[in-house]
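*Asks:* Quick one: this structure, given as structure tokens, is what I'll be asking you about.
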Amino acid sequence: MSNTSNFNERVTENAKPPKNVKSIIWKTIGIIIVMAIIIGLILFYVLPRNTIANISNIQYVDGNLVATATINGRSGRFILDLENSTYQTSYTSGLSLSISVFLRNLNNANGQSFFVSLIRPATSSANDAVFNIANLSINQTRGVATLVTEGGSYSAVLTTTLTALPLTGQKFLPEGFNLDTANTDAYRAAGAIPGIQRLLAVGNVQLPNQSTAILTQFLTSIIPFVILIVIYIVIARRFSRTMGAGGAIGEDGENVFTIGKSQAKLAKSTFKFTDVAGIEEEKSELIELVDYLKRPGKYVQMGARTPRGVVLYGPPGTGKTLLAKAVAGEAGVPFFQVTGSAFEDMLVGVGAKRVRNLFAKAKKAAPCIIFIDEIDSVGSKRGKYEISAGSATDQTLNQLLAEMDGFSTRTGIIVMAATNRLDVLDDALLRPGRFDRHIQVNLPDIKEREAILKIHSRNKNISSKVNLLDIARRTPGFSGAQLENVLNEATLLAVRADRTSISLTDIDEAIDRVIAGPAKKSRVISDFEKNQVAHHEAGHALVGLHLKGADEVQKITIIPRGQAGGYTLSTPKDAELNLKKKSDLLNMIAGALGGRASEELFFGKDAISTGASNDFYKATNIAKTMVTQLGMSDLGITQFLPSEGGINPNARYYSENTAQRIDEAIAKILEEQYQVAYNIIKDNQNELKLIVEALLIQETIVKNDIDYIHEHLKLPEAIIKLKEEQLKEKAAAEKEEQAEKAKLDHQSDSAQPQEEPTASTASSN
């Protein structure tokens, strides 16, 4: 019932919008690329690398063939020992060598130039070459360097003495040979033929750092796996968040890793009790809670225990949720809002975990309010229909009971709940110490409806001719939400008609829309159907007019709305109390059956329509309640069906004989009240015909016209004038139609060609 005009605008929640899946994917790819670049740069500058050497000279030093290299790295100058196996280790796989060789042969005065480069790494076999540089082979075991060219095979023995080898074309390199100081001409003249006269260095040699080789191999082997693991974790986290935001696994970013977290939303409420109209008694019950949240020390000093829980129950739309928000707004404390169905999920045990998570959050934010809307979905009676009482819902309820009043103490937390069915809640949940106070929020009475209408009309331009009290009288049984909807629909109708203010006509149409839906004036209805609907609705109204203590007939219409061809609106005469007498219930049954009785009386049993289907449903339910729950039949005061809680369809509450007696008692009540309605209509046929005539003329008649017909047994002057105008318009339309038809006939005759006289006719003339 309690409402405000800007409900959605005044509550800010921390809900995050769902993320776009494509944007997440592209963002993830970008992060991976940036990480790869950063890791590559780190490896480039951190990992040990081979030294780059530039060979400048090759010579014998102390019986060993060595190369002098200029280092362009970290080590300065370095002596490359070609004969020793310094590099004959498992870490020489990265060694590469490029040498330019200039070979001059005495048999070839012009000389030849060759370029050779490393083709495979050295091996550890004694019979294999330590280095294989294209067609240049250096064997440290034999001490022989061999170069194979197109002109033949040239070998140099790397020993301390000149040794003649039995190989044709072998060339010898003597001990003490120095490339820089060697007199090549003297060697040629002496007949000593150096096989390699000039070995100019050249090229680049990568010298592996053996001390860091193990670390290098370890890092190069483990880092790729680390990168893959990091990428997998990033993608998995992004994917889980994306799936959660998209709803594939859960809502609000929920996924399998966070499914146990509470779905309660923390909202800061700005509602006040002044924004809540009516329900003054209910508000006074909650003032004490507000005072406790503001000044809890006062209650502690007096030794008082503040109510730990408050449950609000009543029909839908009466303002239970807004009352809770008003309490939070008045106290100025955090407000956790969650629905009862949000605790359960596809996994067993999730509900209990979410309850624990919710109260853990509340303890950190205390003092605060936890509001559970529709608590009956999680707090219904345990073991009601299930064979086993250990269902997942029962586990959630047990955890909720323990959190509300268990071994663990909680201070500053007030639990509020709302439900439409207090009778289905578990008794342990409703006991003192958990939900101490049970506050019923009923439908508003006429004064409360007027107050609600005033609140919702604050920001609306309503015509001065509109009386909100009259609207409140015409809307009995309306909840606060329905009243707000009436004014909103009226505003939309005024805007649609380009009016600057809301008129009484807009409000009348809005009330009809809320009750029966929008009018379907375009629906094609035959005169017979329209006449039958008028008799049906007039039957309802006539029975209500003649039954003592029945509700007042406020309005009758035969304009189709929704699935109904028309409807009759009745309101209570006296104060609107939930207490109903037996005579009131019987009058309601008779009024509901008046439509069918009128059809049968005026059209016969074979011409009755299906329009009474909903009437029978209402009448049967009332009669069934009277017999099985209220003790208002010949069967006595026995209650055959429970009036509280759900009814198990598989349970047997009575025997077959009793079931037959119940059916007979229900049928008896319906037959008796149908006969009452039939007799009233039969005795007042003239009055019913006047109501039918008024409906056929005006389609909708209100209380003033209905009361005038009932008291004077004639049509009101306004309806008579409308009838005369309709007759004149009809006569004028018929006259115009006849004139148009005659005109068309004349044009048709003039358009036909005349026959020429025949020869016989002419001669006779």
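All residue numbers here begin at 1 and follow the chain in the order shown.
Even glycines carry a Cβ here, placed using N, Cα and C.
What you see is a predicted model, and the numbers here were worked out from it, not measured in a lab.
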*Asks:* Among Asp436, Asp445, Asp615, Asp634, indicate the single residue that Swiss-Prot lists for the Zn(2+) site containing His536, His540.
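*Replies:* Among the candidates, Swiss-Prot records only Asp615 at this Zn(2+) site.
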*Asks:* Neighbour count, 10 Å Cβ-Cβ cut-off, for Lys320 (ATP binding site): what number do you get?
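*Replies:* For Lys320 (ATP binding site), the 10 Å Cβ neighbour count is 28.
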*Asks:* What are the sequence-distant neighbours of Asp615 (Zn(2+) binding site), meaning same chain, six or more residues apart, C-beta distance under 8 angstroms?
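*Replies:* The answer is His540, Ala592, Leu593, Gly595, Arg596.
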*Asks:* Tell me, how many other CB atoms lie within 10 A of the CB of Pro315 (ATP binding site), whichever protein chain they belong to?
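*Replies:* Result for Pro315 (ATP binding site): 15 other Cβ atoms within 10 Å.
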*Asks:* Just to confirm: which same-chain residues, 6+ apart in sequence, have a Cβ under 8 Å from the Cβ of His536 (Zn(2+) binding site)?
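*Replies:* Listed in sequence order: Gly565, Gly566, Gly595, Arg596, Ser598, Glu599, Ser609, Gly611, Ala612.
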*Asks:* Fewest other Cβ atoms within 10 Å: which of the binding-site residues Gly314, Pro316, Gly317, Gly319 wins that one? Let me know.
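*Replies:* Each of the binding-site residues Gly314, Pro316, Gly317, Gly319 was scored; lowest Cβ tally within 10 Å is Pro316.
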*Asks:* Apart from His536, His540, Asp615, which residues in this chain have a Cβ no more than 8 Å from the mean position of the Cβ atoms of those residues at the Zn(2+) site?
*Replies:* Glu537, Gly539, Thr568, Ala592, Leu593, Gly594, Gly595, Arg596, Ser598, Gly611, Ala612
*Asks:* Suppose you look only at the topological domain 'Cytoplasmic' (1-27); what would the mean pLDDT be?
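*Replies:* A mean pLDDT of 49 is what the predicted model shows over the topological domain 'Cytoplasmic' (1-27).
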*Asks:* Looking only at C-alpha atoms, tell me how far Lys320 (ATP binding site) is from Glu537 (active site), rounded to the nearest Å.
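*Replies:* Glu537 (active site) has its Cα 36 Å from the Cα of Lys320 (ATP binding site).
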*Asks:* Give me the CA-CA distance between Pro316 (ATP binding site) and Glu537 (active site), in Å, as a whole number.
*Replies:* 29
*Asks:* State the Cα to Cα distance, in Å, between Thr318 (ATP binding site) and Glu537 (active site), rounded to an integer.
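*Replies:* Cα of Thr318 (ATP binding site) to Cα of Glu537 (active site) measures 30 Å after rounding.
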